[in-house]
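K.L.:
Can you read through this structure? Questions will come right after.
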Amino acid sequence: MKFSDIENVIDKHIDEIIAFRRDLHEHPELGGNEVRTSAKVTEQLKKLPVKIRENVGGHGVIADLTGSEEGKTILLRGDMDALPINEINNLSFSSKVPDTMHACGHDMHTSIVLGTAIVLSELKDKIKGNVKFMFQPNEESAPIGGSRAMMADGLLENPKVDEAFALHVFGNPTGTVAFRPGVANSRSDRITIEIKGKSSHGSLPGEGRDAIVTAANIISSIQTIISRNMGPGENAVVTIGKITGGSRYNVVSDHVKLEGTVRTFDTGTADLIKKRLNKIVTDISEAYECTGILDYQDGYDFMFNDLALSEEVIKSLNPLLGKDNIIIQPNPLPAGEDFSFVTKKVPSVFLWLGTETDFNKGKCILHNPEFMADENSIKIGIKVLCKLVLDRLNSLE
């Protein structure tokens with residue numbers, strides 16, 4: 001089979017796939033509430049010669065395509081959930097749901113994986129082995145996520161998955177893919193710090209125990225973890241992103257809540273930061289006669305692109321995209337991704353799909369209310385996944 005045959009099938013269906021993506025973009029749903037989205041995915045899958053499982057790990061959907069010959073099984077993942085962001089783009093298909101938007105491109109991912117299912121279904125007689133299509137809920141709901149729930153519901157079994165691939169849109173030029181062999185993304189943990197003091201009148205602060213002053217010193221001290229407890233070659237991020245506290249301008253606050261995130265690339269660094277955070281919160285709170293409690297939630301794990309499979313991906317995609325359009329990232333990204341749990345179970349590769357052209361220049365920023373993706377990258381994403389599936393199934397014994 002020539003790859004031009006695959007491209008012809010893609011061209012036949014690309015308009016309907018783009019229309020499907022626009023429908024998802026107009027009707028985004030937050031993690032844990034992907035009722036309409038999963039129903040729309042299932043509606044399309046029922047037109048294909050696939051075995052469908054619904055309500056997997058929540059609103060997840062699995063579709064298994066069996067080829068004409070026995071062989072190994074490849075998993076392709078597309079996440080479905082949106083973000084609590086109000087879209088400010090003026091598109092014909094902008095979000096119709098207030099304060100909810102596909103600002104991370106999950107509508108693109110779902111459509112690309114569905115499009116790949118449509119194309120490979122027409123070519124099933126040429127497929128040796130099986131393809132498992134994973135439509136995942138709840139990716140944005142760290143530290144819980146949706147992939148572990150789907151795995152607990154048997155995602156990687158019946159048939160047993162041998163390799164897995166996922167892609168994510170990114171602000172690189174359309175026509176490129178980027179990835180990093182080995183550790184590709186950071187671990188993503190969540191921290192909540194509760195500081196309890198004693199309120200008093202603002203004119204008599206000595207009668208109170210100021211939780212805001214305590215919080216300010218804790219925040220300042222947290223910034224020294226990276227600069228003073230780690231070497232210059234080590235990499236990590238600790239960010240406090242939310243502060244709530246106080247009741248009135250002239251009252252010493254008796255309570256402050258801090259929320260933040262920790263991004264690390266190895267277990268030793270994560271353990272060090274956890275230890276330092278706990279000591280800083282406890283000791284500074286005690287020094288200011290307050291009580292401080294750290295809730296450290298382990299989140300998404302480090303994502304690991306299998307080294308041997310990464311080499312095979314390069315070989316497979318070189319003739320499709322061209323060597324210059326395959327970007328090998330020198331460093332891992334400090335972004336959490338719950339596909340990481342799949343990468344811990346089976347050899348996997350996670351790709352960043354370029355989706356920026358002149359029309360959306362500067363607007364391909366993830367988690368931004370102006371986020372826009374280039375729909376031409378849908379076709380490229382389908383080509384990439386089809387090429388990887390067919391090359392890998394033909395080479396696996």
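Cβ from N, Cα, C; glycine included.
Note that this is a predicted model, so its numbers are computed, not measured.
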K.L.:
Look at the Mn(2+) binding annotation in TrEMBL, where CYS104, HIS106, HIS168, HIS367 are given, and name the residue from GLU70, GLU140, GLU194 listed for that site too.
P.N.:
GLU140
K.L.:
Could you tell me which of these binding-site residues, CYS104, HIS106, GLU140, HIS367, has the greatest number of Cβ atoms within 10 Å of its own Cβ?
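P.N.:
Within the set of binding-site residues, the most crowded position is HIS106.
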K.L.:
With every protein chain in view, what's the tally of Cβ atoms within 10 Å of the Cβ of HIS168 (Mn(2+) binding site), excluding that atom itself?
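P.N.:
Excluding its own Cβ, HIS168 (Mn(2+) binding site) sees 25 Cβ atoms within 10 Å.
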K.L.:
May I ask you to report the DSSP-based helix, strand or coil state of HIS168 (Mn(2+) binding site)?
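P.N.:
Once the DSSP labels are grouped into three classes, HIS168 (Mn(2+) binding site) ends up as strand.
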K.L.:
What counts of helix, strand and coil residues does DSSP assign across the domain 'Peptidase M20 dimerisation' (190-288)?
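P.N.:
The counts are 43 helix, 33 strand, 23 coil.
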